[in-house]
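A quick write-up on the structure given underneath.
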């Protein structure tokens, strides 16, 4: 599908994406890199899809140049103008996935452009530098042979190395004897190369009969059997060979696109993910122009739109989650206006049978996540209606795709918090959906915005088990010293002590008393009074 250079009209109250002025292929790629932990893999899928659709070879030189180009942006509360390159204006998750993708396709990148990008990345003066980005940048610089020689040194922080070693020791109980990465020993490599074909099997037998005498857990044994089965398969095909019709791909000779395997048979990249087909089903490929026309109709607000969902939308049931990702990117769903979003959601909610949970999660992320994170003022009524309607039917997908990312995003502010509070206060929210939301919030690190959303949810008198209530009380009491001046925390405490008075045990009451002791908000007297009502 040839994506037009100009995107669909932006959503109401949403700032344009930093890459909005780039050419269509670059926009599609950067948009795919926004997809959380799977962003790098989705980026590879977009590259392959662009090739199989007959586009020109992806111009990495032009994209790297655009990433380094400085543009004036408004910074700080005083609204001062500063020159800032596009790379540093990208969201943090997009920067991470971009660096991962650059590592994967490094052999096909112009070295001068890559060096410029790495230099820009080093100039990031953020108060909380990202250790993951630093490590990826260091690895890329090593590959290019620039900077101080650090052969044998790890780009990971000492804390990360300790955690990795601990993880390897834990996994080693399964008999795999995992070790943290170390510089290869030339003598060991030479000895390994000279081993006879039967050596590996013998070693495996000796390992199985090791004096440790520990039985391999069933789950780990299943993983091992699966890995052995994978090793017996032919070498993974390149991305080009997976394309329908065998059409030539402009990116066919990129070494990165083939799955690299080490001598131990383990993949350097996620072989399973790369081998997974990212081609759209033939039926959907044929209907792409019609789907684009439907979205255009939604945007233009034409009268007489059919109430029943168009038959073309039934084809969504034929997509796997990865194919749904690709379809959302090609249709530029994140750039729908709020009116178009509401109308599309109306159609999606009327589909029969319902969407699968995994596909509904992908759609939630594509339609809502970027839109919510970009809000600078209160969400429009159209956006709020679309989100609450979608959540009423697909609660689990909305929770998994939105709650965690929005509450943990560094840029979450009043606009995002207000929308989440509206979401958890929905009258149509079933009790089990309330418990689901509560469980997800309890697993997150808490901050000011979390207090507000949690207080709105608990106002609904959520029915929870004693175990879950105990977790809530424990986290609540632990936050007392760190939230002595927080009005949001004080309101949350007041809600818990009044709405859930019958659930609070004597031990929990003592914990609340200690947590409230240093509180300095003007609700202090009300909190003390509520605490007295819990008295023995």
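Note: Cβ is positioned from N, Cα and C throughout, glycine not excepted.
For 230-239, the entry in Swiss-Prot reads compositional bias 'Basic and acidic residues'.
Annotation comment: Swiss-Prot describes 249 (among others) as phosphoserine, evidence class a large-scale study or a structure entry.
Residues or ranges marked as phosphothreonine in Swiss-Prot (evidence: experimental evidence): 346. Mapped onto three states, the DSSP output places residue 346 (phosphothreonine) in helix. Long-range Cβ neighbours of residue 346 (phosphothreonine) (same chain, at least 6 residues apart, Cβ-Cβ under 8 Å): 389.
A coil conformation is recorded for residue 374 (phosphoserine) in the three-state DSSP classification, outside any helix or strand. Residues or ranges marked as phosphoserine in Swiss-Prot (evidence: experimental evidence): 374 (among others).
The annotation region 'Disordered' is assigned in Swiss-Prot to 171-252.
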> So how many other Cβ atoms are close to residue 374 (phosphoserine), meaning within 10 Å of its Cβ?
Replying inline: 19
